Amino acid sequence: DSQQADTERLSRWKKWRRTSSKSLKKALGEVKGLSSYLVLWQHDIHSIEGKFGTGIQSYFSFLRFLVLLNFIIFIIMFSFVTLPMIVSEYGLFNSTIAYISPRNIEDNCTIYEPSGNKGLVYYYTYLKDLFSGTGFLEMTSLFYGYYTIDAVWISIMRYNLPLAYLLATFAYLALSFLWIIKRSVEGFTQNLVHDADPFQSYCNKVFAGWDFCITDPNAARLKHRSLQYELQMDLQEEKLKQKIAQRTMKEKLRIYSLRIFINIIVVAILLGCFYSIYRVTVFSQEKSTVSIRNDTRTDSVNLLVQYLPSMVITLANFIGPLIFSFLITFEDYTPTFEIRLTLMRCVFVRLANIGVLMFSLWSQISDCGTDKCKPCGYNYKLYPCWESDVGQEMYKLMIFDFIVILAVPLFMDFPRKLLVTHCSCKLIQWFGQQEFQISDNVLEIIYGQTICWIGTFFSPLLPAIATVKYFIIFYIKKFILIHVCKPAARPIRASGSNFFFLAVLLIGLILAFVPLGFSIARIPSSKACGPFRNFNTSWEVIPDTILEFPTAVQQILFGMASEAFAVPFFMI
């Protein structure tokens, strides 16, 4: 009544301003409400949160983040690398291609004859090429070898493709790094608030946890379940902390001795995986160069040999986490720390496996025994276009990883669900339904993302495949979660999970920096293919471009590239 009386005394101008302000706020609120429907999988993720808790919801949110990240990386690579090639090939916008003949290079280094399909080709040959990235796929825009031009002239403007290729690579790595850091900070602040005072955490959930905007009964039930899972997690952790505090010295000695022994077993498993991958990669690279492809058997055997590293890596990724999940149960940690330690061990299996694969490939590419690479600086007989070969390995890893993600639920989890439901055998009932293991699923997608980050330089359209892959995986995992798996016996808190998932993803990104940096700065670029064939290494395009600038600008840029400036800058 008081506000109404005040309004009546206002001038027409002030009344109009107040009415307009209210209308604008209402309109903005409605637009914001409608925009939530445009967010990818918003309803699905909200539903999962209520049914299975915020921990599992955080996994699906993380999956959505990777879909968006890969889509933006694809846009960057397509816009600055692939599109100029397509425009120049078809002569659009009065464009032409500029080639510069390689300087001071022996003719042997410039020979590159991709194993294209000639004559009568059977359908299974195309299928083999689709899975291996060879044949008709080898000289498409999917791989590095396709981009063998030095510049594109669009009307009167010169587009420096080698420089664009390298800067686009730096751009997608920088974008990934900054986006992960931004999201990690949000999770880190939530972690600090949660860890500051357990009593405050309970107060927040009990007195401030409810969303009073909820009016739908189904939405209310979802929110109830979500809060229930959070409280359940808190109580379980408090109970374990009390148990740890009451341990005697004898119990502490027993548990620490057991943990040391288990960690020795873990290290032995990791070393065994690394050695197996190294041996298999060397064997695969040597044997797959045999070019006898006259009959179907040779084609099949050749495909199997090419996929051997992917198979061994996938086998290690599958068996390793199972062993670690079994061993962790004897170490008596809190549920949250148990998840984190299992994740860290799986990180060393999955991500280090990729590192060992890259090291094995480098050892073959740089194998200069008996002067095999003297003229070109790399093993040009075995790898005339080594960047495309590395791209094919990353492509095969991604395809095989996707096949395994499809096959495991279809041939293992779903039959297990049917047996548990329809068979009363005590052994089968003891095994029970498969739980939705967050640590395994997170590592699965972080492993795939690390492959994408490394492979994008050698296969610029790999992010498009990764986007489609993760989009399909979302629906596969959702179906498995609802219809095949049961909720985890130990729910996981979302605030800690989100931060830790991103921290592990950051480890994957840093791991990707190492092989990419080494390939760009140290290994001589192929002289028979790619945009960097006229440069000793891919990095040389940067100083070569700087030399075209005025002297004052050159001095500033070279000063920024010096150790005196660069080291303190990156430290800060």
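Placement of Cβ uses the backbone N, Cα and C atoms for every residue, glycine included.
Looking at 342-362, 552-572, the range tied to transmembrane segment in TrEMBL is 342-362. At the 8 Å Cβ cutoff, the transmembrane segment (256-278) and the transmembrane segment (163-181) share fewer than 3 close pairs (sequence separation 6 or more) and do not count as touching.
The largest share of C-beta pairs under 8 angstroms with the transmembrane segment (163-181) comes from 65-87, of the ranges 65-87, 307-330, 342-362, 394-412, 499-521. Under DSSP, the residues of the domain 'TMC' (385-495) split into helix, strand and coil as follows: 89 helix, 2 strand, 20 coil. Non-local neighbours of the transmembrane segment (499-521) in the same chain are 58-59, 62, 166, 169, 173, 176-177, 180-181, 183-184, 187-188, 190-191, 339-340, 343-344, 347, 351, 354-355, 358, 362, 387, 390, 442-443, 446-447, 449-450, 453-454, 457-458, 537-539; each lies 6+ residues outside the stretch with a CB under 8 Å from one of its CB atoms. In the predicted structure, the domain 'TMC' (385-495) carries a mean pLDDT of 83.
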